[in-house]
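Participant: Straight out of Swiss-Prot:
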type     : residues                                               : note
BINDING  : Gly64, Pro65, Glu66, Ser67, Ser68, Gly69, Lys70, Thr71 : ATP binding site
REGION   : 331-353                                                : region 'Disordered'
COMPBIAS : 335-346                                                : compositional bias 'Basic and acidic residues'
Amino acid sequence: MSERQKALDTVIKNMEKSFGKGAVMKLGDRTDRNVSTVSSGSITLDSALGVGGYPKGRIIEIYGPESSGKTTVALHAIAEVQRQGGVAAFIDAEHALDPVYAKNLGVDIENLYLSQPDHGEQGLEIAEAFVRSGAVDIIVVDSVAALTPKAEIEGEMGDSHMGLQARLMSQALRKLSGSVSKSNTIAIFINQVREKIGVMFGNPETTPGGRALKFYSSVRLEVRRAEQLKQGQEIVGNRTKIKVVKNKVAPPFKVAEVDIMYGKGISREGEIVDLGAEYEVLQKSGAWYSYDGERIGQGRENIKTYLKENPEVRDEIDQKIRKAMGVGASLEEASAQKEEVPVEDKLFDDELE
């Protein structure tokens, strides 16, 4: 062994004594090089994300205009984590979470940890405490724009508080980023959009809370309504576009189109109809759809109703589509094979706190 290697080994041993085992290692020695994920609750979005779902131990931003479906997308992620036996927390800074709607989306509201903070500092401190515990699998903050700094709440209505929220988010994310990675928690921040004044060229839209969240996010999703869905004259939902505008774990800029039905969330049946026809699992002739050589209905909405009434056929088609797309296990398979993380790996060493 050369003198250089001996010197390096000595330095590494000293660092491990000071900061704990694993403080420095070769990248090739890591056992978690493959990105571990949780399904988003949508086959199309799982495919657009490139790795089969939301990456664990990463920060994710979901932003878009009002009533575009941002909270719905986040609640579906919570439902998937809970279905696999995970623990979820929701920081409701907007004080607007509808428990009945969350339940309709599949969220176990009896076991969802909820906080409605009085100000931004309190909300982010609670989020950090949840993450540092190592016992929470997913945490959602709704929304960044509603994380009002304490000084602004206690001040007068017309007072100027330039850059306070951006400073708050920057400080919080510096503390959160390492904890999120070590605890393998998925941290989802929902954000609104604002318009910059005086922009003549390019997109005038921006997100509140400064630039820090843009930098620290591994995945950024832009959610926008595309068109209304009707049954006769009644509007029953929206066709929604979800664009992956930033992705550190797969190629970005892919777009997922989903049906978000009022009171029910993302329509799994709608995705199965569209993707089934695209990947030729379902055969389409004019307005008629066939499966395994047998006609099952005419028109997209009628096929969605048929699949709702025949869950065995729906699940069978779902699995064939996932196999054709190369996207992870189906929802039922995922529930049966929850990956257990040893407690000693999840909890932080007291010496590091």
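The backbone N, Cα and C atoms fix where each Cβ goes, glycine too.
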Participant: Check Thr71 (ATP binding site) against DSSP and tell me helix, strand or coil, would you?
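Facilitator: Going by the DSSP assignment, Thr71 (ATP binding site) falls within a helical segment, counted as helix.
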Participant: What same-chain residues, at least 6 away in sequence, bring their CB to under 8 Å of the CB of Lys70 (ATP binding site)?
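Facilitator: Spatial neighbours, sequence-distant, of Lys70 (ATP binding site): Ile62, Tyr63, Gly64, Asp142, Ser143, Ile190, Asn191, Val223.
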Participant: Starting from each candidate's C-beta and looking 10 angstroms out, tell me which of the binding-site residues Ser67, Ser68 has the most other C-beta atoms.
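Facilitator: Counting every other Cβ within 10 Å of each candidate, the maximum falls on Ser68.
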Participant: Among the binding-site residues Gly64, Pro65, Gly69, whose Cβ has the fewest other Cβ atoms within 10 Å?
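Facilitator: Output over binding-site residues Gly64, Pro65, Gly69: least Cβ neighbours within 10 Å is Pro65.
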Participant: For the recorded ATP site formed by Gly64, Pro65, Glu66, Ser67, Ser68, Gly69, Lys70, Thr71, which further same-chain residues have Cβ atoms within 8 Å of the site's Cβ center?
Facilitator: Val223, Arg224, Arg225
